[in-house]
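K.L.:
So Swiss-Prot lists the following for this protein:
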| type | residues | note |
| --- | --- | --- |
| BINDING | C396, H398, C417, C420 | Zn(2+) 1 binding site |
| BINDING | C410, C411, H421, H427 | Zn(2+) 2 binding site |
| BINDING | C437, C440, C452, C455 | Zn(2+) 3 binding site |
| COMPBIAS | 473-483 | compositional bias 'Basic and acidic residues' |
| COMPBIAS | 484-495 | compositional bias 'Basic residues' |
| REGION | 473-495 | region 'Disordered' |
| ZN_FING | 389-457 | zinc finger |
Amino acid sequence: MVSIEAMKDSNWDLQIQVFRRRLNPEVIEARNEIFLSLPSDHGLITLVINKDKPFQISVLLEKNQEFMQTAMNKYVETAFQNQKTTLTSLFNYLLQNWKSFETCNTKERELMVQQVDSKKPETPTDLEPLANKLEGPLSERVHLNTTLDYEVLRGQNHCQKQNTTQTKTTISGSEQLFNDEKPKKIIYSKGGNDGKEDDLQNVNEPQDAYSNDHDIQSKDTELLGNEYCLEWKNPHLTNVGTLKAPILRLVIKCVRCHYGSEISIATKFSLVCNKCSNTLRLVWVPGVIHPNNARLGILHTLGCVPVDVMPIDCQVSCMECVDEQITSFKGISSMQPMLQFCKVCKNRILVEHQDTEFHLLKQRQSSMGGKVSAKKKQKQNLNITKGLPLPNNGACEHYKKSFRWFRFSCCDRVYPCDECHDADQNHTFEHANRIICGYCAMESFYKKDATCPHCGNMTVKKQTSAYWEGGKGMRDRVRMSRKDPRKYKRKHHGN
């Protein structure tokens, strides 16, 4: 077994840097300790690292999880005896085995409750023996804070709120870690002395890079439209610490003309639709996928809608390596597991997911970029009666031999032809799959034979003759029969 002192100068500082770089915790530095706080599904988890003694850390949990904290600290004391254990792998192990820690220490919790119930102090002076023990490590101080809070509530039921707040702040400053506001000051005891004098030191809280980038990107995305969340469905990760997708390739669709485009976006991207010249804007905020998070990132769109995600190029960090060893995966697709081996530790890295899903988080603007309106779409009043013919049998000024109206799928409105649609709407028409007969005003699906299934009439005049027939027959010289003398006459005599 390698001693801790021999490993002090080699990789302990590097492990802390890798942990801060991968998981972006909230960092608070004191004189002798470093606090790394991370939110999780189980609440706020804080790792307290001793600057003077490498590989000596303790875990702090929320107020209602003290019994879990004792079990985790017992495991942490012997975890670094294994040479392959790193700070990042230790944190992931605690999250993955949360339920086992939750059930292993129920007896100790019951004993702690019995000890607290047996103590019944009458005055606040009974708290002095416990307050003298605050010179110990921070993990013990949090347990004492819980005991002190419980006894204060039992001994002083009618005390003022100001007295209780003063008692809590003078006992320890570690309790501020569990408040909603970020702590700016930390109270710690001087080491090596009797521990009666406490020093108050202002701590400048360094902001991590992720929070700065997120704030900058949030300002840029305030003017954009909808916000989508990209998540992997049922991800299966083996020996993966973190996974990032800095560049996203996807297919988008214009909200005006529904024209599809394939793009590749790193942070910001803007383009003009090739069909309707609509401006499309996107902002990609990549996230971090780990065993407890399946969110790939956040996508902000304006003037377009995401349709599908192309194969993704990801950067995967190995969980077993001490340094930040990144392995590149190219073309990760759904339902296709990809396997690679780490270049340093030679362990296999497996990445697999079932599907990529889009979830609409915020709809701040409509599809055209304006504010979202709560009004429903007004129904089109056609002024027609089923069974009776349409006005002019459905013919319009553009197509005088077309006896039908079309219901266009782009706006679900009825027009005689595509030119009538474009003259009334501000977007380009899409193919109409339903028609209204000009003779009976009955709606049906589009058919190539142009025969109404209700009345049997032809909605388009069928050309059967190959002769001129006084202008009622064939008028195209190319398709006209060569037996018709009008086919070879001069053009100024033909019309």
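One-based numbering along the chain as shown.
For all residues, glycine too, the Cβ spot is worked out from N, Cα and C.
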K.L.:
Kindly assign C437 (Zn(2+) 3 binding site) to one of the three DSSP-derived states: helix, strand or coil.
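P.N.:
DSSP call for C437 (Zn(2+) 3 binding site): strand.
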K.L.:
Among C396, C410, C437, C455, the binding-site residues in question, whose Cβ has the most other Cβ atoms within 10 Å in this structure?
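P.N.:
Output for this query is C437.
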K.L.:
Quick check: in three-state DSSP terms, what is C420 (Zn(2+) 1 binding site)?
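P.N.:
Going by the DSSP assignment, C420 (Zn(2+) 1 binding site) falls within a helical segment, counted as helix.
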K.L.:
Can you tell which of the binding-site residues C396, C440, C455 lies nearest to H421 (Zn(2+) 2 binding site) in space, using Cα positions?
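P.N.:
Of the binding-site residues C396, C440, C455, C396 has its Cα closest to that of H421 (Zn(2+) 2 binding site).
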K.L.:
Under DSSP, is H398 (Zn(2+) 1 binding site) part of a helix or a strand, or is it coil?
P.N.:
coil
K.L.:
Work through the binding-site residues one by one (C396, H398, C410, C411, H427) and name whichever has its CA nearest to the CA of C440 (Zn(2+) 3 binding site).
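P.N.:
So, spelling it out, the nearest of the binding-site residues is C396.
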K.L.:
Of C410, C411, H427, C437, C452, C455, which binding-site residues come within 10 Å of C396 (Zn(2+) 1 binding site), going by C-alpha to C-alpha distance?
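P.N.:
So far as Cα distances go, none of the binding-site residues lies within 10 Å of C396 (Zn(2+) 1 binding site).
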K.L.:
Sort the binding-site residues C411, C417, C420, H427 by C-alpha distance from C437 (Zn(2+) 3 binding site) and give me just the closest.
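P.N.:
Result for C437 (Zn(2+) 3 binding site): the nearest of the binding-site residues is C417.
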K.L.:
Just to be sure I understand, if DSSP states are collapsed into helix, strand and coil, how many residues of the compositional bias 'Basic and acidic residues' (473-483) fall in each?
P.N.:
0 helix, 0 strand, 11 coil
K.L.:
Would you list, in sequence order, the residues of this chain other than C410, C411, H421, H427 that have their CB within 8 A of the centroid of the site's CB atoms, where the site is the one recorded for Zn(2+) 2?
P.N.:
F408, R413, Q425, T428, F429, E430
K.L.:
Across the zinc finger (389-457), what is the average pLDDT of the model, as a whole number?
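P.N.:
The average pLDDT of the model in the zinc finger (389-457) works out to 86.
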K.L.:
Expressed to the nearest Å, what is the distance separating C411 (Zn(2+) 2 binding site) and C452 (Zn(2+) 3 binding site) at their Cα atoms?
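P.N.:
Approximately 24 Å lies between the Cα of C411 (Zn(2+) 2 binding site) and that of C452 (Zn(2+) 3 binding site).
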